[in-house]
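Q: Just passing along the structure, written as structure tokens.
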Amino acid sequence: MNPELTEKIAAKYAKGVESGDVHFSQSDCKKLKDPKTGAQYMVTHAPSLLKKPERGDKETKNRNPFAEPEPELTVCDDLYDLGKYKLLLNKFPVVPEHLLLVTREFKPQISALDPTDLLTSYRLLQDLDDDDEQIRNLVFYNCGAPSGSSQDHKHMQVLRWPQKFVAFQDRLCSGKDHFIPDMRTEPLQDAKLSFAHFVVPLPEDEETVDEDLLAMTFVSLLQRTLTFFQDWSNEHPELQTGYNVLLTRQWMCLVPRSSSKSSELDIGFNATGYAGLVLVKHEDVWNKILEDPHVVDRMMLECGFPNTAGTSANEYNY
């Protein structure tokens, strides 16, 4: 943990909320368990987000808020003095101190994470997490339109993990050592879940985590993720490439995406949904999920691709 950075973030956030530059959304939260898959969900109902501008709205269509971000939202203009990243506050957070790690120069949100993106994200997790206080964070990246991305300027996001919440990735990686997937060794998948996802545990010894290790892990997961778009291109030529990246100090996960929104219920998902953190704007959707938590798994499949657990890499054309 880096107290200097965490205190700077907390002070900037408190000042932003007080001045009205940060619009914190009041919400209700419920922890649910899918009786069929055993997956935990933290479902958050935030109706005030209906007022938040979305991708495609007139006021956001030709505007890049990251080109010249508001000073009131800027935590660091040059994070770690690399000359590459700004650290900003999310203007419309549902969770306090929701952060954006934004490239200083414009890069498209459809580009893959590079080794520096990965190592900077991991370093930020090290600075923000506090094991003694059980404070844990998630870095996520929504790549491409189907992923639920809202801006075209490349940015990762950092979200505080709910206390005592166990994602399926945590269960999958519990007690497992780090490995690089190859032709003989598949990434981890939970066979009970309907949707494809690829997970690898990261080393407990954080001194061994460097650019090369993170990049090799990422590329091995990305190769499998992109296979879905090759396989489905004939059947669905209109399909755009999109995927979610989720990173904690404990694991890395990639999820291929076919759509950003469900047709079963009026709800969209970005990467956080595939960690079990489900954000709901409409009350009728909130009520339906409370009545039947398994509907989340169905919608995750609709917005993703079928689970390939038990299938070797060469069987799905790796």
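Heads up, the Cβ atoms here are built off N, Cα and C, so glycines get one too.
Predicted automatically and left uncurated, TrEMBL annotations should be read as such.
According to TrEMBL, the feature domain 'Ap4A phosphorylase 1/2 N-terminal' maps to 4-162. Marked as region 'Disordered' by TrEMBL: 48-68. For 51-62, the entry in TrEMBL reads compositional bias 'Basic and acidic residues'. Per TrEMBL, substrate binding site is recorded for Lys52, Asn90, Lys91, Asn142, Gly148, Ser149, Ser150, Gln151, Gln157, Asn270, Ala271, Thr272, Leu277, Lys281. Sequence annotations record features per position, and here TrEMBL assigns active site, nucleophile to His155. The domain 'ATP adenylyltransferase C-terminal' annotation in TrEMBL covers 192-306.
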Q: Distance check, please: Cα of His155 (active site, nucleophile) against Cα of Gly148 (substrate binding site), rounded to an integer number of angstrom.
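A: Here the two Cα atoms lie 13 Å apart.
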Q: Under a criterion of Cβ-Cβ distance under 8 Å and sequence separation of at least 6, what residues of the same chain contact Ala271 (substrate binding site)?
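A: Same-chain residues close to Ala271 (substrate binding site) (Cβ under 8 Å, separated by 6 or more) are Phe140, Tyr141, Asn142, Ser147, Gly148, Gln157, Asn244, Val245, Leu246, Val255.
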Q: Measuring CB to CB from Leu277 (substrate binding site), give everything in the same chain under 8 Å that is also at least six residues away in sequence.
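A: Those within reach of Leu277 (substrate binding site), by Cβ under 8 Å and sequence separation of 6 or more, are Tyr41, Met42, Thr44, Leu159, Pro162, Phe165.
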Q: Using a 10 Å radius around each Cβ and all protein chains in view, which of these recorded positions has the most neighbours: Lys91, His155?
A: His155
